[in-house]
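Taken from TrEMBL as is:
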REGION    1-26  region 'Disordered'
DOMAIN    55-169  domain 'BTB'
DOMAIN    245-334  domain 'TAZ-type'
Amino acid sequence: MLPPSLYKQNKRQSLHSPTNETEHPPSLVEILLLRSPQTTKERMAIDTNGASYEQDVQIVTSSGKRIPADSSLLASASLVLERMLELEKERRNEKSRKSKTATGAQSKIRIRMLGVPHEAVAAFIRSLQSRFTIEEEIEIYGMHLLVLSHVYQVSWLKRRCEMVLANLLTTETILDVLQLSRLCDAQWLHLRCLRFLVKDFGAVQETEAWRFLQDNDPWLELEILQFMDESDLRRKRRRRRRSKQQVYIELNEIMECLQHICEEGCTEVGPMDRAPTRTPCKRFEMCRGIQLLFRHFASCHNKSCMRCRRMWQLLRLHSALCDHTTSCKVPLCMHFKVKAEQEQTQQKEASKWDLLVRKMKVIKVMSTMTKKLKVTLP
C-alpha cells in the first residue's frame, strides 16, 4: 500500500521564464536543467569539456509529456536503465531486421516512467545526468525521488533523499514516510521514522493517518508498538546501568575521602602523628559522614551494628584496592590483605582437595567393578 500523498500532483511555478529559442542558443545550465520540449527544441547537449551528447532517449511521464535525455549518461548512472536501454535497442534492431528497414534505428528510444508527477521525473533525470541534486527539489519531490532512486537503483540519490526526508519529518507525514521507507528498503530512514514516533507518539495518534493505518495496515501498527516496547526496555536498561555506574562513582569518591582522612586529616578526624586540618575540604559533606563513621567505630563496643558493618565493608574494599604494601595509613589495611591472601590459599587448597576426592571416587568405582568381574569370571 503506497502512501496517498505519493500520488498527489505538486503545483510549482517554473523557475525559468520562456525565451526566444531561435535568437538565443541554450546554455549549459539550460541543458542540465532539461527544460521540457514545449519550451526548448531538441538539440545536442554539451558538457563542460566541450564534448557533445545526442539526446537519443525520450522519457515518457504519466502526463504524456516527454523529457529528452542521453542514453550514455543514463546507462552510466543506473544499471537498471542500462539494461532497459540494451533490451530496447535489441528489440528495435530485431524489428528492423525483420522489416529490412532502418526506421527503428533512426527514431528515438522511449522509456516510460509512470506513477509519479512529470516534475519529479524531470528532477530525477536532471540528477542522473548532472550527478547533482538541488535541495529545494528534494524537499518538494523527496518521496517520489526516493521511489525512483530505489526502482532504478541509484544508491547515492537514495541516500540523499533519505537524509532530506528525515530532516523534514512531521506528525502529519511521518506515517507516509514510514510506509514508503519500508517499501523502498530504506532502513536508515525507517529507523529514524520509528524513533520520531517514539518521541512524539501522542501527537501522531491524534492524526487521521494513524486511524487509517489502524484500519488498513495492522502489521505496521504492530511493528510500531513492538519498537516502542523495545525502546522502553532499552531506556530502562540504560537507567539501571547509569544508576549502577553512579553507585560505583560514589564509592570511588568515598575511597578517596577515606584515604584523605587517614593520611591528611579533615576537621575532626585525622592520623595519629599529625593534627587534622581545621579547614573543610572540597568534599566536606562526604568527609563529614565518614568522620562520623570513624568516631562511632572507635567508641562502639559491639562492632557488629549496622554502622560498624558498613565501616568494616569500607575498610575491606579499600584494602582490596590499595596498592601500598606497608606504607598505607588506613586502619586494618594490612590485616585485610593478609586475610585475603590466606582465604585465596585456602581456596586453592580446597580446590586441589576436591579434585583429589573426585579422582579417588572414580578409582574406587573402577576397582569395585574390576573385583566383581574377577568373581564372575571362571
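Glycine is treated like the rest: Cβ placed from N, Cα and C.
The model shown is predicted, which means the values in this text are computed figures rather than measured ones.
Within the model, the domain 'TAZ-type' (245-334) carries an average pLDDT of 79. Taking DSSP states H, G and I as helix and E and B as strand, the domain 'BTB' (55-169) has 75 helix, 12 strand, 28 coil.
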